Amino acid sequence: QAPPDKVIPIISQNEVRNPDGSYQWNYETGNGIKADETGTLKKGSKPDEGDFIVAQGSFSYTGPDGTAYSVQYQADDENGFVPQGAHFPTPPPIPPAIQRALDYLATLPSTPEPRP
């Protein structure tokens, strides 16, 4: 991290906006931050849905401890913002006994919901 009074230069910055609503931008700073994104306009699949943007991008930076971080993401109207990165926490593995129970339950036929 730079001291608060130090100016960080922009090494490169590009932006393209197209008449169809699509776009692309990227930048890189003097302290190693990089980011990019591409957006595409999509038509809704139903008549009552409007158009929406699907965005894909990434950013990377070096943390205060010197660790390099990188995040890739996609954002749309169905799933929202979905980031991925090797440094994100992951859930612990399912214990074997629970996994066996889940596997067994998956083999059973479904039963209808009881009516009130």
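Counting starts with 1 at the first residue shown.
The backbone N, Cα and C atoms fix where each Cβ goes, glycine too.
Feature annotation from Swiss-Prot assigns domain 'Chitin-binding type R&R' to 20-92; the stated evidence is sequence analysis. The O-linked glycosylation site annotation in Swiss-Prot covers T90, T107, S110, T111. The annotation pyrrolidone carboxylic acid is assigned in Swiss-Prot to Q1 on the grounds of experimental evidence. According to Swiss-Prot, the proline amide annotation covers P116.
Taken residue by residue with DSSP, S110 (O-linked glycosylation site) is part of neither helix nor strand, so it is coil. DSSP assigns P116 (proline amide) to coil in the three-state reduction, placing it in neither a helix nor a strand.
All protein chains included, S110 (O-linked glycosylation site) registers 5 other Cβ atoms within 10 Å of its own Cβ. Of all Cβ atoms in the protein chains displayed, 3 besides its own lie within 10 Å of the Cβ of P116 (proline amide).
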